[in-house]
Amino acid sequence: MAVDKVIVKQRNIILVGIPIDESGVEVLKWALEEVAKHGDCVVVVHVCFTYYRALKSKSSLDRYLKPYIEFCSTKKIELKGEVLKGNSVLGVLVKEAKRYNAMSVVVGVKQQSKLSLKIAKGCAKELPSTTDILAIHRGNIVFRRSNHYQLPLAQKISSRPSSELSEGFSDKDLAKTTGQEKRKISGRSLSLPSVEVVDQTPGWPLLRTSTLATPMVQHQTRKISVVNWVMSLPERFPHHPNQTCQQSFCDKQLKDILKDINRWFSYDVLKTATSDFSLENLIGKGGCNEVYKGFLEDGKGVAVKILKPSVKEAVKEFVHEVSIVSSLSHSNISPLIGVCVHYNDLISVYNLSSKGSLEETLQGKHVLRWEERLKIAIGLGEALDYLHNQCSNPVIHRDVKSSNVLLSDEFEPQLSDFGLSMWGSKSCRYTIQRDVVGTFGYLAPEYFMYGKVSDKVDVYAFGVVLLELISGRTSISSDSPRGQESLVMWAKPMIEKGNAKELLDPNIAGTFDEDQFHKMVLAATHCLTRAATYRPNIKEILKLLRGEDDVSKWVKIEEDDEDGFDDEVYPNSNTELHLSLAMVDVEDNDSVSNSSLERSNNSLFSSSSSSSQELQS
C-alpha cells in the first residue's frame, strides 16, 4: 500500500500518531474501532528523526497497516500512512493536523505520567478547539480535549463512560483563555454566559454582587435561605450553538427518566398544599423557576419547585437533576419525594427541612454543641462516600457547602441540591469541564484554574465545611480584615503556626473534646491540600474523623508531603487583588452569602488564583 502524502478534502480526518511497535497497534486499532466512522479518512503518522530512518520505515509502515485494509474497506474508511522526518514528534503532529484540518488527533502513552502526556497536552495547546485530542493507554482514554459540547444528560444516557464523553481542553489553554463576561443576577445565583464587552478589568473574573432584580426578592432570599438549597441556577447550561435539540428529543428523555419515579403528585394536591401557589408561600425565585413551601394533607412540609421551561436548557436541567437524585438512596442525602408535570410546568417536590441549613444554624442564635458538629461532619462525609464510592455510577456533587446541608430535628445532616452534580468516572482520574460551576470559597484550585473535575473537588469543599463547623464562621466574610475574607486564608496562618485552638468557635470554648477537635482540624487541613493528587479521598478522611486511623500516621503524612503538584501548576497570585475584586459591590454582610456561579469557556480566566495560596499539606 502506498504511503505517499495525500491531502483528502471533504472528509473527516483522524490523525493517528504511532510508533511502529505493539503499542502502536493498540492505538491504531482503538482509533479505527472507537473514533473512525463511515466515510472518514484515517491518516497514520510515524515520525523519524533522520531521513535514513524515515526511508527505511516506509516499507515497514506498509506492512504494519496491511492487516487493517479489509476492516477499513468494510467500514468505508480510507486508511493512509505517512513516515515523516522531524526533530519533534509533537511539532510534526501539530503541523500535519493543521495541514489536514484534522477532526481528531489520537496518540498513545506508554505509562500514565506527566511526561507521557506531553504530546497530547502539547497538541491541545497548539491546535484549535475544533480538534478532538485523545491520549490512549491500554485501551483507555487518559486525556481528552473534546471538540464538542457534551451535556451531562448525554453522559448519563450513553453506554460509554462519562469520562470519555466529557469535554474540555488543556491546562494552559484554559489558563490563557480570554474573553469578557456578562453578569446576570437572580436570587443568590450568578450566571456568566460569554458575551463581548469592552474594558474588562483584569484579575478575578467571578465578581460577586448583592444587586437583585428587586429589593423585595432580595429580602425574601435572605430571609428564607433555609430552602435556598432547592433552588437551581437560572441557566445551568450556557448558550452554545451545538446545544440545540428537537423538543421531541427532550420529551423522550423526560419520559425515560420520569417513568421510574415512584411517586407522582397531582397538580391539584400541590396546588392545595401551597394555598394555590400564593405569594405568601413563595420562598424563592430563580431565572426560570419558583419555590413554594407547602404542607400536604398529612402535615408533611414540602418544598415545591416549579420549573417553567421557557428554554430547552431548562428541560435538560430538570431531566439531569431528577435522573441523578432519583438514583440515590442514603440517609444523609435529601431525597426527591416526587414529581409532577402539568402542561409546561415541570415540578419537583422535596422535604422541607425543619431545622434549616447548616449555614443558617451556624449563623443563627442556636449554638451547635461540639457533639452535634462532629455528628454533622461524619454524616456529610458518609453522604460523599456514598456518592463517590458506593453508587453504581459515581456522582460528583460540585456544590458542597454549608447552605446545601440540611439538618433534621436531631441534627442529622442531609446533602441537598444536585443541580450542579455530574456523573463521575471509575476509569479516569479526572475530566476536563468547559464550564466551572460551584460556589466561591469552596472551589478546589485544580477545578477553578483548569476545569479539572474529580471527586477530589468535593473533598476540598468538605474541608471548607469542616472549617465552618470548627470556627462557626462563613466561608466568605466581608467583615474580615483585608486578605482574610476567605475562611481558608484566615485559617491558614493559625494552622501553620500550630495555633489551631485559635480557630475554635468561642461559643463552644471549654465544652469540646480536644482529641476530636484536633482530628477535625487535621482532616480539614488534608482536605484542603492544594494538589488534588495528594489530597486524600473521602473514605480516608472519614476514618480520621471517626477515630479509626492513627493520628500519628496523618501527622507524618503532613510533615513528609512537599506540596506536590503532579501536572497541576498554580502560579503565584495576588490574593488581595483577587479578593478585593471578588468583593466588588458587596453592600453588607447578609449579601455575602455564598453565591453559586457558572462560567462558559470563553469567559475571562485569570492565570492566577487566590486558591493557589490556600491551605496545603
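Using the three backbone atoms N, Cα and C, a Cβ is placed for every residue, glycine included.
Features of the protein shown, as given by Swiss-Prot:
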REGION    162-187  region 'Disordered'
COMPBIAS  169-184  compositional bias 'Basic and acidic residues'
DOMAIN    277-555  domain 'Protein kinase'
BINDING   Ile283, Gly284, Lys285, Gly286, Gly287, Cys288, Asn289, Glu290, Val291, Lys305  ATP binding site
MOD_RES   Tyr350  phosphotyrosine
ACT_SITE  Asp399  active site, proton acceptor
MOD_RES   Ser403  phosphoserine
MOD_RES   Thr439  phosphothreonine
MOD_RES   Tyr447  phosphotyrosine
REGION    590-617  region 'Disordered'
COMPBIAS  591-617  compositional bias 'Low complexity'
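Note on proximity: among Ile283, Val291, Tyr350, Asp399, the recorded positions of the record, the Cα nearest the residue listed as 'phosphothreonine' is that of Asp399. The residue listed as 'active site, proton acceptor' counts 27 other C-beta atoms within 10 Å of its own C-beta, drawing on all protein chains shown. Confidence over the domain 'Protein kinase' (277-555), given as mean pLDDT on the 0 to 100 scale, stands at 88. The modified residues in question are Ser403, Thr439, and the one with the fewest Cβ neighbours inside 10 Å is Ser403. Put simply, of the recorded positions Ile283, Val291, Asp399, the one whose Cα is nearest the Cα of Tyr350 (phosphotyrosine) is Val291. Comparing the residue listed as 'phosphoserine' with Ile283 (ATP binding site), their Cα atoms are 15 Å apart once rounded. Straight-line distance linking the Cα atoms of the residue listed as 'active site, proton acceptor' and Val291 (ATP binding site), rounded to a whole number, equals 19 Å. In this structure, Ser403 (phosphoserine) is part of a helix by DSSP. Using a 10 Å radius centred on the Cβ of Val291 (ATP binding site) and all shown protein chains, the other Cβ atoms total 25.
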